[in-house]
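According to Swiss-Prot, the features are:
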| type | residues | note |
| --- | --- | --- |
| ACT_SITE | 101 | active site, phosphoserine intermediate |
| BINDING | 101, 241, 243, 245 | Mg(2+) binding site |
| MOD_RES | 101 | phosphoserine |
C-alpha cells in the first residue's frame with residue numbers, strides 16, 4: 001500500500017483523515033495525471049454514495065478537477081460499478097467515486113477509474129501521491145476560458161439500468177425479489193432495475209439519511225434480509241453493500257448464499273452454455289474449499305489469487321477468464337464489466353433461477369460450504385512476515401494439511417495493516433477445527449510475539 005492509496009483508493013475518517021483539502025488535491029493531481037496528454041477538454045464523471053460527508057468532499061474534489069481544466073459531470077448518488085460503466089459508455093477520460101464501500105458512515109473514500117473503467121495501476125496511484133506529497137511535478141493551471149466547469153448528463157442512471165437489462169435474455173417475471181439497499185448508493189437504481197426486468201420487488205433499507213449507510217443492514221449484516229425474505233415470501237433476497245460493488249444472496253428458506261456459491265451456480269451455467277472461457281473461475285485463497293470440491297466434480301478449474309478483487313481482475317485480464325470474485329460477493333463478469341458489480345451479479349443469478357425453473361436453495365446445493373474458522377494471532381509487527389521461516393509453525397501447518405487431506409485446509413497470512421497473523425482453517429467438524437486453530441494461534445504467538 002502507498003502513503004495515501006490503500007488497496008481500494010484513498011480512505012479515512014471524513015474531515016479528520018480524508019479532508020476537504022485532501023479531496024481538492026486528489027482532484028487536481030488525479031485529473032492532471034489522467035488527462036495531461038489528451039488533446040481535447042477532458043471529461044470526468046463523479047459519483048458518490050449516501051454518506052453525510054459526500055457533499056463536502058464532492059465540492060472540493062470537483063473544484064480540484066475543474067482547476068486543471070476538466071469538464072465534470074456529477075452523477076449524484078451512484079454505485080461504484082455504475083460510475084465505472086458510464087465512464088466507458090460516455091467516452092469520458094476518467095471516473096471518480098466518493099465512497100467507503102462497506103465501512104461505517106464516519107469514513108469516506110475517493111477512488112479513480114481510467115477511461116476504460118478500470119481501477120488505476122499502482123504506478124499511476126504512486127504518481128498522484130508523489131505530486132501531492134512531494135510536489136514531484138508542477139501542475140500548470142489554466143486561466144480564462146480553459147478553466148473547467150460542471151456539465152449535465154441527462155438521466156445517467158437510466159443508461160446504466162438499460163445496460164444491466166441488456167446482459168440477460170428474457171425477463172424476471174414470476175420472481176419475487178427482496179432487496180436490501182444498505183441505505184447506500186443502490187437505493188434508487190437497484191429497485192428500478194429489477195422492477196423493469198419484470199420482478200415483483202420488495203425493498204428494505206432504501207431511506208438513506210447520511211448516517212445510516214451499512215448500519216445493521218446490507219451485505220455485512222445479512223440477518224435482517226434473511227428475516228425479510230421469510231416474512232415477504234420472496235423467492236430470492238439480494239443484499240448490497242454501501243456502494244453496491246458486492247452482493248450476497250438469500251434463498252427462499254432464509255439461508256445465505258455467499259459469493260463462492262454464486263460463482264459456483266453461475267459458473268456451472270456458463271460452462272453448460274460453452275461460455276466459461278478455459279472452464280475456469282478465478283477466486284482468492286480465502287474461497288471456501290467447497291468451491292474447489294464442486295469444481296473438481298464438474299470439470300471446472302479454480303485459479304487462486306491473493307485476497308482483493310484487484311488481484312482477481314488482474315488474473316482474469318492476463319489469462320482471458322470471464323468469471324471471478326470473492327466470497328464477500330465482489331464478483332466480476334469480464335464480458336460485461338470492469339469491476340465488481342452487485343446489481344449485475346444479482347441480475348445474472350436471478351436469470352439462472354428463472355431460466356432453470358429451480359429454487360435458489362436447490363441451485364446452491366451443488367456446493368457444500370465447509371465450516372471455516374478465522375482467528376488472529378497477535379505478534380510483533382516486525383515478525384509478522386516471518387512465519388514462513390519458522391520451522392515449528394511450518395511443521396504444524398504441514399501436519400494439519402496431511403491430517404485433513406482433501407477434506408480441509410490451513411491458511412495463514414500476515415495482516416496488511418495490523419500486527420497480526422491471520423489463521424484460517426476449514427474442515428468438516430467446526431468444533432475440531434476451532435480447537436486446532438486455537439492451538440495454531442498459540443504457537444504462532446509464542447514463536448513470533
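Backbone N, Cα and C atoms are what each Cβ position is placed from, and that goes for glycine too.
Compute the center of the Cβ atoms of 101, 241, 243, 245, which mark the site for Mg(2+); besides them, the chain residues with Cβ within 8 Å of that center are 49, 79, 80, 99, 102, 184, 185, 240, 242, 244, 246, 340, 342.
Residue environment of residue 101 (active site, phosphoserine intermediate) contains 26 other Cβ atoms, counted within 10 Å of its Cβ in all protein chains. In sequence order, 101, 102, 182, 184, 214, 218, 219, 220, 247, 329, 342 make up the list of same-chain residues 6 or more apart from residue 241 (Mg(2+) binding site) whose Cβ falls under 8 Å from its Cβ. For residue 245 (Mg(2+) binding site), the Cβ neighbour count at a 10 Å cut-off comes to 32, with all displayed protein chains included. Applying an 8 A CB threshold to same-chain residues 6+ apart, the list for residue 243 (Mg(2+) binding site) reads 49, 79, 80, 97, 99, 101, 184, 185.
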